[in-house]
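Some notes on the structure that comes next.
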């Protein structure tokens with residue numbers, strides 16, 4: 001406790017010593033990153049979610065090496081077999097190993113989810129920040145575009161277009177999903193940019209002659225980063241749900257590729273009789289999205305300083321709008 | 001202490017409040033004793049985080065759920081701490097009522113003002129709707145809201161700040177309570193409105209006979225309104241006394257420092273003494289006296305134990321050396337080290353110095369938009385409508401005005417470095433309307449700004465070193481120069497260059513403002529625009545920043561355009577002052593001329609509304625109360641803009657003189673010094689100046 | 001308020017026109033009706049395919065703009081064109097629209113009301129057992145796609161049927177075919193058929209609304225005006241209901257506008273899964289048959305529903321919040 005002895009007034013530079021660097025002598029240099037991590041670790045849900053995600057990734061990418069069965073090759077000696085030591089998740093009607101299939105499908109679904117979240121978040125942040133920062137006609141045109149794309153459920157447009165994309169494969173499908181998944185995020189980024197633009201540090205930069213694109217990249221985007229991280233996290237879950245739903249109805253991933261959606265579609269009709277064909281895939285799907293949502297929620301609490309933990313009734317700050325996703 | 005067996009109206013004993021946080025409980029109030037007698041006014045004064053508001057809120061159990069309250073609060077002998085919610089509700093609003101700080105957020109936005117006041121009546125009195133509504137109208141009338149019947153149907157957002165605070169007081173006195181708790185009731189308001197609200201509070205007390213607990217950070221407000229004062233620091237009362245006694249002979253070094261750190265409107269009181277350091281966070285208070293680390297009179301025994309509140313004649317202080325202070329009665333500057341400040345610009349020949357900034361006839365309108373989602377233009381706001389400024393090398397020009405007077409718009413027009421909508425801006429000899437892009441970019445280096453809120457003006461995601469370097473980068477300074485300049489700048493504003501890698505949130509408010517100043521100085525500007533640079537800071541911190549500004553100005557030969565709503569600060573710092581009302585310059589001139597002999601009736605009212613931290617002087621003063629709020633700037637009136645609130649115009653008997661105010665817009669008369677027979681630079685835009 | 005709403009209406013009209021054009025352009029260029037005819041057995045002659053395509057306004061050799069012009073001309077007379085089977089689109093439309101609307105309205109209203117109630121309750125009881133339970137439940141629901149919820153419910157109903165030996169809750173169609181009896185019997189039958197699809201649709205809404213409402217309610221709980229209401233002498237309960245909840249539901253109106261997007265998507269799934277002959281099933285079927293005119297009609301329907309719900313949300317917002325009106 002050096003606190004009491006700290007900083008007797010220095011007669012030589014009284015002004016300079018008016019408030020010494022650290023009145024308490026406490027090492028206050030704990031970075032923001034560590035603070036966020038500490039808060040994140042304090043949230044049990046987030047930790048559980050993160051562990052779950054890691055396990056699922058390990059399963060998706062390590063799983064194929066654990067089983068001798070290939071996801072496509074049929075075993076004609078075992079049709080419609082329940083889970084056993086040989087076929088861990090059982091087999092389907094043509095004797096394919098359900099574990100190999102599920103792991104393979106999980107892999108595809110995870111990759112699609114990650115890529116869609118990445119692309120759509122980048123698109124949303126660029127469009128939202130530009131619309132909000134430049135304002136005027138650029139803003140109006142971009143927001144009309146956002147509203148226009150929001151008139152239709154993305155599902156609708158994707159189903160129509162995807163019938164044309166038969167040959168283009170799943171990457172085209174990823175782009176399509178990303179293309180119809182950025183609008184709400186862009187809106188939130190825009191409104192955050194609008195208020196950031198009026199914040200004094202942005203004004204100060206403008207008055208110093210800093211150029212607009214530099215202001216956006218150095219000041220605006222870093223300050224919406226925490227929202228974007230949260231949103232992207234939750235978007236992974238949303239994208240996986242969209243992917244499975246579309247694939248379930250035959251508009252997404254198509255044979256020979258498998259995803260959780262195609263597996264569910266294949267297993268649905270037989271679910272009452274051969275539940276292993278349906279419930280393993282369904283369970284993993286729900287588990288993964290749940291884990292992602294838990295992490296997203298934990299991140300929100302950890303990154304948003306106004307959310308919880310603040311003991312004092314603080315001045316009402318424009319709280320970053322809680323994000324929410326449309327149900328899929 | 002009276003020995004009579006009179007139960008006090010309100011007795012707070014050993015009140016303790018902790019807030020439960022993620023890292024264990026954090027104390028906010030640490031053993032507060034207060035006594036309130038019938039009909040008296042008790043002022044609680046303290047800086048942010050001192051626990052004054054928490055003390056007031058805990059009386060009625062209005063703290064959030066994370067608070068743990070201990071100790072005792074007795075109303076007429078009845079214990080309130082731990083009382084069940086239903087019984088407490090019967091006391092709230094009926095026997096003890098509250099006036100909150102921010103009246104916009106304190107009213108429910110979706111209900112009409114009248115309904116909210118009537119609700120307060122009906123909670124405690126068995127009356128029907130119509131009676132309650134009539135009572136609400138009476139109350140609004142009592143607090144001076146014009147056309148109360150119409151006002152009943154307004155929503156909170158349709159009221160101005162002053163009107164909302166009046167309505168809040170009306171609601172508080174609806175059931176004629178015995179105690180009014182006012183938590184910073186005028187903090188968000190302009191001085192002339194503050195004067196009105198304090199007057200209403202006085203009326204309300206006279207009307208109901210209620211005792212008042214007035215919580216404020218403003219020593220002036222307390223000096224003018226309170227009978228007795230309690231000074232709080234770090235969750236405890238460190239000194240309590242009758243108001244005259246406290247201001248005349250403070251016995252705690254903190255109180256002494258507060259008084260010394262406050263710039264005064266009347267120019268008395270000598271140089272500002274900054275209290276060194278900043279309050280320690282409540283979560284890690286050192287053992288012993290919490291003020292010891294900042295105290296110039298600190299001794300060994302201070303760190304041993306926290307001194308108890310002691311003393312006689314109702315004047316008690318929590319300091320081991322209070323007896324010594326009581327005996328010696330030192331001035332603040334005798335206890336606190338006073339910085340040596342270099343003298344101001346060599347007076348006299350102003351005309352000989354080079355002009356830095358001259359603005360004439362500046363005007364700026366905004367389209368008036370309606371609707372929140374879809375905006376449509378329905379008119380124009382005349383935000384700035386005739387501003388004149390004249391700033392010479394080495395001077396500080398104070399720009400004074402209340403909110404809505406167009407100060408900020410004026411600044412932004414200057415900083416835009418473009419052609420103004422109307423009028424002319426000349427900066428360092430360049431007409432801003434004729435600048436090329438490259439010239440404007442170069443000129444930006446000569447003109448820098450320091451904003452009001454040091455938290456908002458520093459990007460929270462950037463290390464301090466990068467923040468300070470930003471203007472250098474914008475001017476494309478070479479890398480080596482940036483590396484050399486940054487530590488130099490940090491040292492110049494009194495910060496440790498080692499801290500360049502830290503982030504803004506790791507600094508205290510005063511330090512952050514120093515970072516802002518360092519950033520502004522980075523490109524060696526000639527003119528610094530200071531937009532309310534100290535109004536977000538506590539008094540004890542503020543003095544240090546003001547002193548720094550004065551020192552830098554002298555060392556670097558800067559000129560300042562100092563914008564503030566705080567006239568005391570302007571008086572302390574500026575050489576010349578320019579007063580704005582409704583987008584126009586109404587008076588300008590040399591500081592002492594304007595402050596000692598104001599000629600425009602608005603300036604006179606403004607000056608009389610500023611409370612002095614001196615109870616005797618405060619009581620002796622005549623106050624000019626302005627009626628109502630400034631009119632909306634959407635209408636461009638012919639004649640004088642101040643007419644609607646002008647006491648001078650209201651008192652004019654001569655029709656021709658009145659018509660002159662109505663017909664003709666007054667211009668700044670530059671009859672320098674004619675009135676006082678001296679060569680003084682002083683002009684006012686009034687047809688009938690004093 | 002009226003001017004505000006008129007202005008919004010104008011914007012929505014512009015959006016509708018742009019959206020319908022977009023939908024037409026996408027559908028007409030992405031779908032290939034020609035392949036439908038080419039795949040017919042026996043394969044029709046080239047001229048007859050050409051002729052049929054042209055008469056149905058589906059010929060991809062006609063520029064999209066011209067086809068759109070034809071289609072718009074018909075639309076102005078209330079004609080939605082003809083399906084690929086050469087029947088009027090409006091026949092299908094008229095039959096299916098009520099089936100879907102019934103489900104969507106009920107599902108969204110139920111989801112919203114229950115969600116708002118659950119969210120507000122959860123916020124008031126923050127960190128207590130009931131809040132934690134609701135939170136866990138809503139997280140699980142949020143993480144389950146609607147089609148999966150519907151499948152779970154359906155499988156449950158099938159299992160119940162197998163266990164009980166007869167159908168406990170109906171899980172196919174929206175009425176029992178050939179049901180005799182009075183109006184009462186029919187209504188009861190309808191209600192019973194509505195149960196599972198509505199629940200699967202409402203559950204997602206419930207979860208979303210309750211999370212969001214919990215957030216806004218928590219904001220309100222810390223607000224100054226709630227403290228004022230208590231300082232006046234209102235009990236906590238009354239202050240919460242009268243001042244807190246009333247203000248906290250305002251943002252829900254915005255949510256309502258977006259939620260219809262999700263509801264429509266959800267309806268597509270539930271209809272298909274529960275064998276309802278509604279818009280959703282029609283969409284999947286007509287995309288598979290490359291039936292441009294039907295697809296466009298469904299898009300038109302969606303756009304109108306979404307924009308109408310947007311307008312409704314604006315009206316609701318203006319009615320709830322006096323700050324918007326002025």
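Glycine is no exception: its Cβ is also placed from the backbone N, Cα and C atoms.
Range C:190-209 is the one annotated as transmembrane segment, of C:70-89, C:170-189, C:190-209 (source: TrEMBL). It is C:133-153, from the ranges C:49-69, C:133-153, that TrEMBL records as transmembrane segment.
Between the listed ranges C:233-254, C:255-276, TrEMBL ties the annotation transmembrane segment to C:255-276. Nonlocal intrachain contacts for the transmembrane segment (C:190-209), taken as residues 6+ away from its ends with a CB within less than 8 angstroms of a stretch CB, comprise 102-104, 106-108, 110-112, 114-116, 118-119, 137-139, 141-142, 146, 149-150, 153-154, 157, 169-171, 173-176, 252, 255, 259, 262-263, 266-267, 270-271, 274, 276. When each of the listed stretches C:12-31, C:97-121, C:133-153, C:296-320 is scored by C-beta pairs under 8 angstroms to the transmembrane segment (C:255-276), C:97-121 comes out highest. Comparison of C:97-121, C:133-153, C:296-320 by number of C-beta pairs under 8 angstroms to the transmembrane segment (C:12-31) places C:296-320 first.
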